[in-house]
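Pulled from TrEMBL:
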DOMAIN    77-309  domain 'Radical SAM core'
BINDING   91, 95, 98  [4Fe-4S] cluster binding site
BINDING   97, 204  S-adenosyl-L-methionine binding site
BINDING   316, 338  (3R)-3-methyl-D-ornithine binding site
Ligand code: SF4
């Protein structure tokens with residue numbers, strides 16, 4: 001047995017009954033030990049672990065892998081300060097889990113932000129110490145590549161310090177169709193205009209059956225990955241996501257991970273994997289199914305174990321709650337995501353969790369880690385080693401303006417700075 005395997009097995013196998021084994025001849029203890037020691041596991045093995053491994057053994061294996069990957073900085077967990085600027089809610093795609101969009105025919109419900117408003121939101125982000133903009137909105141029937149070129153170049157001209165980490169394959173597919181160009185051309189042009197990286201929204205569930213059930217008008221999962229692969233080949237990296245809890249099976253969740261891992265083996269362009277949970281309010285699915293906390297933690301852990309080629313796993317406190325976010329740091333996550341200075345999409349469907357910079361720092365510290373503010377590319381910008389030197393700006397607070405709840409009038413301007 002190697003030195004690495006000794007290190008792994010001491011933690012991981014405590015608590016795994018020696019007789020735990022399951023269908024298909026997969027022995028949970030053996031697979032966990034191999035994974036924790038750095039070995040790759042198959043999708044079949046991942047499904048068995050996801051379903052049957054004792055929870056703490058699964059988390060321990062994932063945490064062992066995280067600690068080894070980040071040896072030297074394994075005591076740190078990161079967060080980022082960003083603003084999610086929603087430029088329009090008008091969308092032709094009508095996803096069944098979405099509470100944010102307005103169909104073009106519902107003119108009284110649709111809204112768009114003009115460029116001045118968007119730039120004001122960027123200015124506030126800079127003032128509050130934010131480093132990243134997510135530009136997230138509907139598939140507007142008129143917004144082609146030119147719209148994004150105009151807005152990204154304007155943002156970069158005024159705020160070159162802001163990283164534009166935005167959009168995903170679905171938006172690229174849509175804008176390319178509107179403009180009558182290839183996705184490669186669309187990616188090249190918006191990258192040249194200022195897009196730094198793709199946020200990977202729209203992955204939802206990649207396997208065909210659950211994707212068709214919740215987003216029948218979106219491109220296929222294979223096509224979504226093909227576009228992200230094109231982006232990676234063109235030098236635009238991304239994160240990737242997974243929407244849990246809309247009725248998909250365990251096997252389909254693992255298949256989602258397999259599809260990502262296969263692309264990542266070729267491109268290496270996915271910086272992080274971010275699972276989050278379906279929110280049940282104000283959408284067509286009506287909350288008939290939802291992922292549990294334990295399913296979520298198991299997903300964080302199995303993602304760390306199975307996605308051996310993806311560096312970062314993010315725990316989503318926004319959809320699962322702060323305590324679950326803290327727990328995720330012990331199940332393989334190394335990052336707690338962002339203090340969203342503004343968010344309208346997930347909150348419209350019921351996510352009510354809010355936080356602020358001081359609280360996020362405290363949550364991470366109380367989870368036993370040293371907090372660090374990170375850049376989009378995960379470099380540590382500030383490591384909060386000494387609580388006496390913690391930042392004290394109480395304006396760095398997440399705002400869920402949930403515009404859909406009040407037909408676009410809840411917080412139409414959402415001023416974070418001037419209103420105080
Ligand atoms: S999730 Fe995005 S693409 Fe789907 S309906 Fe909502 S805004 Fe449109």
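Cβ from N, Cα, C; glycine included.
Because TrEMBL annotations are produced automatically, they should be read as predictions rather than curated entries.
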Cβ under 6 Å from ligand 1: qualifying binding-site residues of 97, 204, 316, 338: none
Pairwise CA distance, residue 95 ([4Fe-4S] cluster binding site) versus residue 204 (S-adenosyl-L-methionine binding site), rounded so that it is a whole Å: 10
Fewest other Cβ within 10 angstroms of its own Cβ, chosen from the binding-site residues 91, 95, 98: 91
Set of same-chain residues at least 6 away whose C-beta sits under 8 angstroms from residue 316 ((3R)-3-methyl-D-ornithine binding site): 274, 275, 276, 277, 325, 328, 337
Chain-internal residues, separated by at least six, CB under 8 A from residue 338 ((3R)-3-methyl-D-ornithine binding site): 79, 80, 81, 82, 132
Long-range Cβ environment of residue 97 (S-adenosyl-L-methionine binding site), under 8 Å and at least 6 residues apart: 204, 214, 215, 243, 246, 278, 283, 284, 285, 349
Local Cβ density at residue 204 (S-adenosyl-L-methionine binding site) - other Cβ atoms counted within 10 Å: 25
PLDDT averaged over the residues of the domain 'Radical SAM core' (77-309): 95
